[in-house]
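A.B. asks: Following this message is one structure expressed as structure tokens.
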């Protein structure tokens, strides 16, 4: 390395890029037969930074330029999610407006558009998580699912709310620009409700305290995340992620919310306009669409958090017909998945309508909704999938209502058309 000062007897050295001599610059760094000065190094670094920033912006702009319309979003949701028409319509509009807002962020305007996060209310297995997953896949943005019940306030045992952003970064290879336009789905948000609608004087590390921590994340903050998933410790460089433009979708079953709504409506419905139906006759799916912010506060969510979730969509409990549709109609329907698994063995799978109905009824009895369909079907096909690789000449497996109810094993059809019961020799 050549210093600026030198004796007159020294050979004068020059930067190979700008041509300045060693006396005109602070430092001159030598390589194999070449030299570069500190000024050229600074210029190179500046060019690299500018080009990297420009490429990130171009990539983000390209990703936003093909934003689907609400109708297109709804049509895509229809391919994977059965029923819940009103919820899909609300989500399509909310997501379209959110990413349309991001598309115009760089433009100067007198009107500043606020972010509209989403709250999904519906029973277990009604499609809340699937809706959020499908939206993220359609929009090709980073997506993460967080379980609110595992979160605690900072400093307590459990997951810090900023771990959510860390997982989002992991899902996009730590590209901060991509993560800042992602979607976060927070499940079981109802499980962190405070125990009463009055502020508590005692510490509630997994309830109201977590709501307060989530509030900062949802409304927009600079989250500090350790690089490449490391643990937080002093004197460490953190990745700074701005959560202002991340779309947060919160979901929960909110068991008992319908009672809160009915109590309110019964107080205001006295007289000729009162509800004719009794409380027992009014189904939760009928009552939940009437949810007001005051009901959610009574349930245990803090007012500030409710204010940051202005878009509310309610999902209804799936009936037998809807569950039967879910088994066969979506792109990734369960019946199609198991048919493909058996086709890999060269065997056709036939599930008769009576069996589909029996699966749906069993899921309703278990109160698991669509989430419980796979376990019922898996249980019915377990013996067949275990024995099938050892059988020769099986052409078709037939599942009927008796198989689902456990009264008879699946029927195996052989090449010579001789039916055989699975498990028999």
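Glycine is treated like the rest: Cβ placed from N, Cα and C.
Per Swiss-Prot, domain 'ClpX-type ZB' is recorded for 3-56. Under the heading Zn(2+) binding site, Swiss-Prot lists 15, 18, 37, 40. Residues annotated as ATP binding site in Swiss-Prot, with sequence analysis given as evidence: 123, 124, 125, 126, 127, 128, 129, 130.
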A.B. asks: Between C-alpha atoms, which of these binding-site residues comes nearest to residue 129 (ATP binding site): 15, 18, 37, 40?
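C.D. replies: Minimum Cα distance from residue 129 (ATP binding site) across 15, 18, 37, 40 lands on 40.
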A.B. asks: To the nearest whole angstrom, what is the C-alpha distance linking residue 125 (ATP binding site) and residue 40 (Zn(2+) binding site)?
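C.D. replies: Distance (Cα to Cα, whole Å): 61 Å.
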A.B. asks: Return the residues near residue 40 (Zn(2+) binding site) by Cβ distance under 8 Å, restricted to its own chain and a separation of at least 6 in sequence.
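C.D. replies: In sequence order, 15, 17, 18 meet the Cβ cut-off.
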A.B. asks: Across all the protein chains here, work out how many other Cβ atoms are within 10 Å of the Cβ of residue 15 (Zn(2+) binding site).
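C.D. replies: Neighbour count, Cβ to Cβ under the 10 Å cut-off: 22.
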A.B. asks: Over all shown protein chains, what is the count of other CB atoms within 10 A of the CB belonging to residue 128 (ATP binding site)?
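C.D. replies: Around residue 128 (ATP binding site), other Cβ atoms within 10 Å: 25.
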A.B. asks: For the recorded ATP site, whose residues are 123, 124, 125, 126, 127, 128, 129, 130, find every other residue on that chain with a C-beta no more than 8 angstroms from the centre of their C-beta atoms, and list them by sequence position.
C.D. replies: 122, 251, 315, 369, 370, 371
A.B. asks: Among all chains shown, work out which of the binding-site residues 123, 125, 127 has the most CB atoms within 10 A of its CB.
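C.D. replies: When each Cβ's neighbours within 10 Å are tallied, 127 tops the list.
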A.B. asks: Just counting, how many other CB atoms are there within 10 A of the CB of residue 18 (Zn(2+) binding site)?
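C.D. replies: By my count, 13.
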A.B. asks: Quick check: of the binding-site residues listed here (123, 126, 127), which one has the Cα closest to that of residue 37 (Zn(2+) binding site)?
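C.D. replies: In terms of Cα distance, residue 37 (Zn(2+) binding site) lies closest to 127.
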A.B. asks: By a simple count, how many Cβ atoms lie within 10 Å of the Cβ of residue 126 (ATP binding site), its own Cβ left out?
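C.D. replies: Neighbour count, Cβ to Cβ under the 10 Å cut-off: 27.
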A.B. asks: So, three-state DSSP: helix, strand or coil for residue 130 (ATP binding site)?
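C.D. replies: Reduced to three states, the DSSP call for residue 130 (ATP binding site) is helix.
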A.B. asks: Restricting to the same chain and to sequence separations of six or more, state which residues have a Cβ under 8 Å from that of residue 124 (ATP binding site).
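C.D. replies: Same-chain residues close to residue 124 (ATP binding site) (Cβ under 8 Å, separated by 6 or more) are 253, 367, 368, 369, 371.
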